[in-house]
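Feature list (source: Swiss-Prot):
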SIGNAL    1-25  signal peptide
DISULFID  Cys31-Cys152  disulfide bond
DISULFID  Cys74-Cys192  disulfide bond
CARBOHYD  Asn100  N-linked glycosylation site
REGION    162-184  region 'Disordered'
REGION    213-252  region 'Disordered'
CARBOHYD  Asn217  N-linked glycosylation site
COMPBIAS  218-245  compositional bias 'Basic residues'
Amino acid sequence: MGVLLTQRTLLSLVLALLFPSMASMAAIGSCSKEYRVLLGQLQKQTDLMQDTSRLLDPYIRIQGLDVPKLREHCRERPGAFPSEETLRGLGRRGFLQTLNATLGCVLHRLADLEQRLPKAQDLERSGLNIEDLEKLQMARPNILGLRNNIYCMAQLLDNSDTAEPTKAGRGASQPPTPTPASDAFQRKLEGCRFLHGYHRFMHSVGRVFSKWGESPNRSRRHSPHQALRKGVRRTRPSRKGKRLMTRGQLPR
């Protein structure tokens, strides 16, 4: 019993180091002990956060960027966020660590963006929708809720008897460091690019979660390399000697 208690104590310390701000939040709230319930919550939260109507679109309208030529510049900078391929290549624990670290950087960047947003009274005078500002202000509480569930899932996985080999996460690729801008307009564009990348990242996160198994001991592997090997095994030469046509390829 003493050995088991010591192992659990060490586990709690490790989780607190990996998810420092989440440990206190989980103490206030409660972690679900049901893996499927917790996974379902994570999937719903990521579905919510990849929706551009909740963050990027309101930001574009408030900042006066809702013009086709300006929208073209709202594209994620390459390497700003971890790619889907990188996320799929991680073990589940490494994936959760990377997700948690990246969201921590996102929270800092959102705080910076909020400071540069116009006030509610200024929006009213400009005839803009105050609801857009309210949506932007809800982004940070939503991320905190997601990080709480990430901590709970990490705790649940480490309490299970899963023997999945863990690949170390690379952590956040430091998405959100604002580049020096010469004027306010450039800062608006930087914020727009950041939010575009954030939504893309959350879409990738949702796709990874969708490949997780129905129990903490079973996970449908989300590695693209295994999917490639399966595709090779399923490929059969045509009996009529015709060339195989890959999906999406138009006939000549």
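Glycine is treated like the rest: Cβ placed from N, Cα and C.
From a predicted model like this one, the values you see are computed outputs, not experimental measurements.
A sphere of 10 angstroms centred on the C-beta of Cys74 (disulfide bond) encloses 20 other C-beta atoms. Closest to Cys192 (disulfide bond) in space, going by CA atoms and restricting to the recorded positions Cys31, Asn100, Cys152, is Asn100. In this structure, the C-alpha atom of Cys74 (disulfide bond) lies 37 angstrom from that of Cys31 (disulfide bond).
Annotation note: Cys192 (disulfide bond) sits in a helical segment as assigned by DSSP. It is 12 Å from the Cα atom of Cys152 (disulfide bond) to that of Asn100 (N-linked glycosylation site). Across the structure, Asn100 (N-linked glycosylation site) and Cys31 (disulfide bond) are spaced 16 Å apart at their Cα atoms. Under the DSSP three-state reduction, Asn100 (N-linked glycosylation site) is assigned to helix. Of all Cβ atoms in the shown protein chains, 22 besides its own fall within 10 Å of the Cβ of Asn100 (N-linked glycosylation site). Listed in sequence order, Leu38, Tyr151, Cys152, Gln155, Leu156 are the same-chain residues six or more apart from Cys31 (disulfide bond) with CB atoms under 8 A from its CB.
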